[in-house]
Amino acid sequence: MRLFLPILTTVISISVPIQVRVSPPQQTISVGQATHFNCTVSGFPLYGVTWTKNLRPVLPNERIRVLGTDVLSISSVVRDDRGVYQCFAHNHFDSAQASGALLLGDEPPVLEEIFSDKVVYPGVSVSLKCMATGSPLPQVTWRLDSLPLPEQLRFRVGDYVTRDSRVVSYVNITSKKILSV
């Protein structure tokens, strides 16, 4: 008679908490320059590392590349590259992230949108608008015949900054005045 002895098996799972570090934590780069972020990850097991910018997946292109999983490289920085870059690492038990900020250095102001010529008849109001970019944010000054606009009620100037750091400025001119030459 044969006796069957139960076979005992023991499973040992080893897991080390994930830690992530991005360097540099902050950098200021001028438009046109190259830069990169390094992601250092430790822990076990490690199933994946992903990069995001402002909480959206980084989409590699001809300028932005992910080298291996640990280096995010930008060959020629443009305005839209500024933001917070995050490196995420995960496994079935744990996840961690670290971030680095890309700031832009000084940029000369650029008029991105200007108003077109308008023919306005006496008594008709007109609104003119322009949009500018730059770092620091540009200050828009409206002029009439190369002189600052007179402080009168018929001239109303205003501006605001969009989410993507563009200055939109406008001037509203009411009750057109006829000037004789």
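For all residues, glycine too, the Cβ spot is worked out from N, Cα and C.
Nobody curates TrEMBL annotations by hand; they come from automatic prediction.
Among the features that TrEMBL reports, signal peptide is placed at 1-15.
For the domain 'Ig-like' (17-99), residue counts in helix, strand and coil come to 3 helix, 50 strand, 30 coil, using DSSP. Annotation comment: TrEMBL describes 17-99 (among others) as domain 'Ig-like'.
Positions annotated as domain 'Ig-like' by TrEMBL: 108-181 (among others).
Packing against the signal peptide (1-15) from elsewhere in the chain are residues 44-45, 91, 93-94: each is 6 or more residues past its ends and has a CB under 8 Å from a CB in it. For the domain 'Ig-like' (108-181), the DSSP counts in helix, strand and coil order read 0 helix, 34 strand, 40 coil.
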